[in-house]
């Protein structure tokens, strides 16, 4: 299966039990900032934004004072899982980033999708990739 198929079929799919509800954008990005696959709606990000995200995984709390920036959008960092998951909120939407051994799985949402649904979608694929040694 191609990386694009993982994004299309496992991240940008209808949320289980909520037909028509799906993430706004999603991507799988290597730890080095290289995009493995992304939805057409995923924002163009700057290298320094990806560096900040990677630093927060290695030094949890790094982004809390300044917020998480992706594609020029600022998200307030909310409770995540140190070294494993970063979650952010902006207005009626937000972001979940799950770290695997080699990649970051991004899910971005807006209402009516809930934070919990975004977490479930992004983290489920991230957990699967971890199980595969990726």
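If you go along the chain as it appears here, the first residue is 1 and each next one adds 1.
Each residue, glycine too, has its Cβ placed from N, Cα and C.
The shown structure was predicted, so the numbers you read here are calculated from the model rather than taken from an experiment.
If you check Swiss-Prot, you get these features:
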{"type": "DISULFID", "residues": "13-118", "note": "disulfide bond"}
{"type": "MOD_RES", "residues": "114", "note": "phosphothreonine"}
{"type": "MOTIF", "residues": "84-100", "note": "motif 'Involved in PIP2 interaction'"}
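Swiss-Prot feature annotations superimposed on the structure.
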residue: 13; record: disulfide bond; Cβ neighbours (10 Å): 13
residue: 114; record: phosphothreonine; Cβ neighbours (10 Å): 14
residue: 118; record: disulfide bond; Cβ neighbours (10 Å): 25
*asked:* Just to be sure I understand, if DSSP states are collapsed into helix, strand and coil, how many residues of the motif 'Involved in PIP2 interaction' (84-100) fall in each?
replied: 0 helix, 13 strand, 4 coil
*asked:* Under DSSP, is residue 114 (phosphothreonine) part of a helix or a strand, or is it coil?
replied: coil
*Would you identify the secondary structure of residue 13 (disulfide bond) according to DSSP, in three states?*
coil
*Please give the average pLDDT for the motif 'Involved in PIP2 interaction' (84-100) in this predicted model.*
98
_Give me the CA-CA distance between the residue listed as 'phosphothreonine' and residue 13 (disulfide bond), in Å, as a whole number._
15
